[in-house]
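As given in TrEMBL:
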type	residues	note
ACT_SITE	B:T195	active site, nucleophile
BINDING	B:T158, B:K184, B:T195, B:E281, B:N403, B:T408	substrate binding site
There are 2 protein chains.
Amino acid sequence: MYNVQQENFKVLENGNIATAKGFHAGGLHCGIRKQKIDFGWFYSDVPAQAAGVYTTNVFQAAPLKVTQESIAKENKLQAVVVNSGIANACTGEQGLTDAYDMRKLFAETVGVEEHLAAVASTGLIGELLPMEKIQTGISQIHTAEHQGAEKFETAILTTDTHEKGIAIELEIDGEKVVIGGAAKGSGMIHPNMATMLGFVTTDANISSEQLSTTLKKITNQSFNMITVDGDTSTNDMVLVLANGKAGNQPLTNAHSDWETFYSGLKFVCEYLAKEIARDGEGASKLVEVNVDGSFSDESAQAIAKSIISSNLVKTALHGADANWGRIITAIGYSGQSLNPDKVSIYLGDILVVENGIPHRFDEEEAKNYLLKDEVKILAKLGDGNGKATAWGCDLSYEYVRINASYRT
Amino acid sequence: MYNVQQENFKVLENGNIATAKGFHAGGLHCGIRKQKIDFGWFYSDVPAQAAGVYTTNVFQAAPLKVTQESIAKENKLQAVVVNSGIANACTGEQGLTDAYDMRKLFAETVGVEEHLAAVASTGLIGELLPMEKIQTGISQIHTAEHQGAEKFETAILTTDTHEKGIAIELEIDGEKVVIGGAAKGSGMIHPNMATMLGFVTTDANISSEQLSTTLKKITNQSFNMITVDGDTSTNDMVLVLANGKAGNQPLTNAHSDWETFYSGLKFVCEYLAKEIARDGEGASKLVEVNVDGSFSDESAQAIAKSIISSNLVKTALHGADANWGRIITAIGYSGQSLNPDKVSIYLGDILVVENGIPHRFDEEEAKNYLLKDEVKILAKLGDGNGKATAWGCDLSYEYVRINASYRT
């Protein structure tokens, strides 16, 4: 957890997806995976305004279709169920039927209307959900021993090495508002997919329209700016639910505390995104790439992603090698317009390239910097005011080991 | 070397870049690298029609600028000099001056006009060429012991594990015509760059205009369809020289033997491109991806490249894991329009996905197939007539080891 005390909000100790008023969560082992908790849920006491963003992969998994249908009805959700182990992707008609059945049974058991329930899956592609196990799981969601947000956080993980949860508290109209969340990372489940799932809950009062616009904008600066291996899964999804229990005046752009809420929601999404990047398969460090001075923000995003996605940059960082030539190269093939003679590059505070020409630096100092757990690369372009930040990780032997292993 | 006996041409035993009439080549150790031969050249007895394709990287190295200037003058070249060890990229004004000086001295020593000489470099970015060593190298290009195409083939290598050369013979207007070539691969030199260099020589009589159009078309189907790690270097370059010594009638689209020449040139470029992919850093196998039935050839190219560039596909192939879910995923995020329900996937002859749904297959058989040195993936899309082929390699521990090592 970050040790952050921002002016506008505070990070709550042990805060999680069920910290906001009226939210509950839990998880259990239903038997899709051998031992790990593999089945989780969260729900609100009352229907919540909801918004979602989904994978752009053409092969969109069945649960995403069902969840989008749920939200489409009245832009509300009240309960979300997630399984790990099997992605229910490339499963045809039967997969779709299973996702509908999962939603129906879950909604009935929680006691909400069907279209207020969402479903998500992550895991192996091309296998059908074991519906009996799913049913067994759903039948136990009210059992006392399975309650708890930490169980939910564990249930959604695949090859992630740790749970990812957070909650922050801020003040709106003098009312305490909480924004919490949980996520699973880009680790590929043995053996198939890099799925990113993000779930955010808040007791703020906000319209679904405002929520949807804001989520899209923030996702583009957070979840969409991380990369572990550049692969976009069939099951990626980010959902946000706002149940209004904090009792603030409806949040809009015009609300005097809008900036507070916006920066709080952005912080939560960015925190979860960074935790995903840090926990990339085999990763030994979190890498942050800042691009400043490009012709536009979009251009800066493309350049930042080009750098953070380069296998050559990633292996160099794994070896703590101040190999700026690879960074220059990744900038150069990003497809973006820029003046090569104006590009300067910093590793942390260490200037290594100035106006397109190498700048003498202390190799030992640079190596020591790159051995840190968190490493920052800054590319200054000098062409305009565009800027962006992307996060990723190094590329290690361990990544190859995890992903080269036989499924059998 | 392939054991190929095509109808239209034959692959010459020990054929190389100096097999075509009037071409000569050599190489020597000038001292840029510790031990390996690092300085090579080839030239023609007479000026040759010439064409080139160059990296799209914004940070284009100095030698590429000088070479383009040479060709621009009258679309001819007679002599080419190459050094490995230092790329002369990101070297500013001094780098450009050095490249001009290298061209000038080389041209004088070979005895050709300056604009008939081309220069190429591959190696470390951001360091200046040691011009004294370059001068020493140039001064010895007529020494008997340094002659030989195999020396040239060695001189241009960096982390490549073997030389890449070929020549074929075909008949045009009843005259014997030879097309030969040499290349260096996408191996990153310790520590910096993935540079691809390709040089093709022929004694065919063909206009530079026709040559240029043809080279561009063929490059898009050969050198541009390989990937080792997706990084496009500052120094990539492919040159073709045609000196006309075979005495055939000028080749154009309308020439009755045009198809013979075209398919021969394509074979040589494809051969060199595949050898580069096969020799990718840490690679244990050559992977060929065929896409068939997409809406257009361009779309098929993008899909094939998406598959061959996926780290997840590449690690799975390294582990001989028939992980078709990763192939589906890479197709899905290629950004191309397609019908997911029509996609079928083969590993060799083994059908693993049929119309978007998994097809039962023998895991053991698939694993045995994927353990081979050469592996083929076929994606049938069923949407149109577009097709493309791409080549690459698996992603191994060895790749990480090579690229994570310190430069110091």
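A Cβ is built for glycine as well, from the same backbone N, Cα and C atoms used for every other residue.
For B:T195 (active site, nucleophile), the binding-site residues whose C-alpha atoms fall inside a 10 Å radius of its own C-alpha are B:T158, out of B:T158, B:E281, B:N403. Proximity to chain A, defined as a C-beta distance under 8 Å, is registered for the following recorded positions out of B:T158, B:K184, B:T195, B:E281, B:N403: B:N403. Secondary structure at B:N403 (substrate binding site), as computed by DSSP, is helix. Neighbour density for B:E281 (substrate binding site): within 10 A of its CB lie 27 other CB atoms from the protein chains shown. The Cβ of B:T195 (active site, nucleophile) has 31 neighbouring Cβ atoms from other residues within 10 Å, across all protein chains displayed.
A 10 Å cutoff on Cβ-Cβ distances gives B:N403 (substrate binding site) a total of 29 other Cβ atoms nearby, all chains included. When Cβ atoms from all protein chains are considered, those within 10 Å of B:K184 (substrate binding site) total 30, not counting its own.
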